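The structure under discussion appears below in the form of structure tokens.
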Amino acid sequence: MNDIFIIAGPTASGKSELAMLLAQKFNGVIINADSMQIYKEIPIITASPSISEKQQIDHYLYNYVSIFHSDINELNSFDNISQSKVNADYNNINLQQSITKHLTDRRYSVAKYVQEACKIIRSVIHALKLPIVVGGSGMYINALVYGIHHIPEITLEIRMQVQDLYKKLTKQEFYQKLIDLDPISKNYIHSSDAQRMIRAYEVVLQTNKSIFSYHNSKLVSPLEGYNVKKIILLPDRQLLYQNCNQRFAKLATNGELVDEIIKIKPYYDHISISAKKALGINEIISYLNQELTIEEAITIAQQKIRQYAKRQLTWFRNQTINGYTLHYQSMSELYKTQVNDVFFN
């Protein structure tokens with residue numbers, strides 16, 4: 001057995017459900033390729049697989065990276081804490097002192113994802129099972145399929161130096177300093193993109209080279225030699241928007257989601273920039289701060305999720321793939337015609 005399935009597509013398109021179906025049919029194992037579902041403290045708001053789903057089928061690379069700059073779980077567990085105890089328990093922690101003391105260079109990267117995913121894929125194939133990679137993060141999927149440019153590791157000292165500088169300056173001031181050091185980055189990075197600005201600044205400070213100078217090297221696919229089958233889900237836009245709205249409304253009216261955000265809210269300033277991009281977090285925090293009603297929070301979050309889904313839909317439509325592209329107007333059409341025709345006939 002040398003096959004690998006990759007199921008990709010926009011959020012709320014039905015990827016996880018299809019992955020479960022195929023895993024049950026073909027003795028498969030599910031491997032995450034969603035940049036938000038890696039985080040362990042926010043499984044509900046990121047719509048990660050449920051405990052029941054994980055019990056039915058083996059899932060890997062879900063909910064295993066901390067959203068915090070350091071591993072706050074060493075200080076106080078996020079599991080099994082009742083809502084009434086949250087504030088009292090967390091107020092007893094000298095968080096600033098602990099975070100400074102335990103700060104690590106555990107920031108996740110695409111390169112780390114590819115390394116972990118390839119290791120799991122090899123193990124799954126060795127066990128004569130089918131690896132099914134599932135997600136909507138195009139950067140993860142492309143890096144896994146086509147390869148990634150290797151950039152030298154950034155030291156913890158440089159990372160802290162850049163983080164401190166970013167906090168002291170406005171975004172525009174930081175952007176100007178980056179352009180002064182790395183003029184090439186002006187052609188590729190916008191001043192509103194904090195994550196990419198910080199990354200580019202770290203690289204030029206560490207290596208004295210632009211991050212984009214490393215992009216000239218030839219890419220080699222980590223999955224070379226395997227039979228990779230890609231399945232891209234492209235639902236009708238109105239169906240996609242409907243799925244986005246329904247899923248977040250269902251999550252937001254679930255008390256467990258609010259509890260999840262209550263637990264991380266006191267430490268918001270210590271959450272990594274990438275984790276703060278998880279859709280819905282900021283709206284639920286605004287609700288908890290009494291800045292929005294729950295209805296307003298849901299409406300604003302739904303709008304942002306639809307906008308994100310639209311961008312994903314456009315991106316996946318423009319991809320040239322060696323595999324299957326499934327177009328459908330309803331979820332029943334996806335399963336009764338498209339999936340049946342491709343996998344079960």
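FYI, residue positions are counted from 1 along the chain as it appears here.
Quick reminder: no glycine exception, Cβ is built from N, Cα and C everywhere.
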Among ranges 80-84, 195-199, 255-259, whichever one Swiss-Prot labels region 'Interaction with substrate tRNA': 195-199
Annotated stretch (region 'Interaction with substrate tRNA', per Swiss-Prot) among the listed ranges 34-37, 70-73, 114-117: 34-37
Candidate with sparsest Cβ neighbourhood (10 Å radius) among Lys15, Arg159, the listed recorded positions: Arg159
Listed binding-site residues Pro10, Gly14, Lys15, filtered to Cα within 10 Å of Ser137 (site 'Interaction with substrate tRNA'): Pro10
Fewest other C-beta atoms within 10 angstroms, as judged across Pro10, Gly14, which are the binding-site residues: Gly14
Distance, Lys15 (ATP binding site) to Arg159 (site 'Interaction with substrate tRNA') (CA atoms, angstrom): 35
